[in-house]
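Remarks on the structure that follows.
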Amino acid sequence: MWRVARSAAASLRQSQRRLSTAIPGPCIVHKRGADILHDPWFNKDTGFPLTERDRLGLRGLLPPRVISFEHQYARFMESYQSLEKNTQGQHDNFVSLAKWRILNRLHDRNETLYYRVLIDNIKNFAPIIYTPTVGLVCQNYSGLFRRPRGMYFSAKDKGEMMSMIYNWPAQEVDMIVLTDGSRILGLGDLGVQGIGIPIGKLDMYVAAAGINPQRVYPILHPPPFFLWVHVHES
């Protein structure tokens with residue numbers, strides 16, 4: 001899978017349409033305090049220096065010690081390697097889901113660190129965030145769900161879908177992956193649990209092709225597909 005992702009990355013670079021693959025510059029953060037810590041786009045855990053903690057209202061909401069990004073990275077990899085060691089001899093499905101959980105917890109907490117981990121270890125982590133593990137994740141998604149991710153359209157939203165699009169937090173989107181939840185990897189119709197497919201696929205595009213993770217859009221939409229998207233050419 002990681003080879004396929006690398007090939008996709010090369011194809012994307014040759015595309016005529018300019019995607020936002022450049023590292024974004026500094027942005028103005030309107031959130032303060034605990035709201036920042038609960039937002040994986042901005043949260044740096046204990047990596048916030050004291051000056052930022054004062055400006056953003058974080059002093060006292062985190063342990064006082066500042067831990068560098070590199071140290072956090074090393075800690076996560078140590079935890080992951082410890083998991084591998086402790087699950088030796090366990091059933092393959094159990095091990096795969098355990099690895100997915102530890103990565104997903106990081107994704108829910110600190111997206112910057114999560115994607116750095118994926119980029120540096122794409123060969124090892126591609127089978128965890130996408131196939132074959134994503135099939136297990138979709139089958140067990142109701143028990144694995146911890147934090148909403150993606151956009152969900154349903155028959156109950158008839159007449160409201162255009163307005164729903166504006167609920168998405170990003171102002172601009174470069175890449176959409178959409179599923180109707182049916183025929184997921186030959187597993188049958190998994191319904192809303194199929195959202196794991198667009199989430200995992202977009203993570204692959206971010207890690208292997210350099211797409212800005214704040215400009216991707218995973219969608220679950222029942223058939224038929226009538227989703228209008230305006231494409232702005234640079």
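Just so it is clear, glycine is given a Cβ too, placed from its N, Cα and C backbone atoms.
Per TrEMBL, the features are as follows:
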type     : residues : note
ACT_SITE : Y130     : active site, proton donor
ACT_SITE : K201     : active site, proton acceptor
BINDING  : R183     : (S)-malate binding site
DOMAIN   : 107-228  : domain 'Malic enzyme N-terminal'
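Structure with TrEMBL features highlighted.
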residue	record	DSSP (3 states)
Y130	active site, proton donor	coil
R183	(S)-malate binding site	coil
K201	active site, proton acceptor	helix
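In this view, the densest Cβ surroundings among the recorded positions R183, K201 belong to K201, judged by other Cβ atoms lying within 10 Å.
R183 ((S)-malate binding site) and the residue listed as 'active site, proton acceptor' have their C-alpha atoms 16 Å apart, to the nearest angstrom. Here the domain 'Malic enzyme N-terminal' (107-228) returns a mean pLDDT of 89 for the predicted model. Of all Cβ atoms in the shown protein chains, 24 besides its own fall within 10 Å of the Cβ of Y130 (active site, proton donor).
For the pair Y130 (active site, proton donor) and K201 (active site, proton acceptor), the C-alpha distance works out to 6 angstrom.
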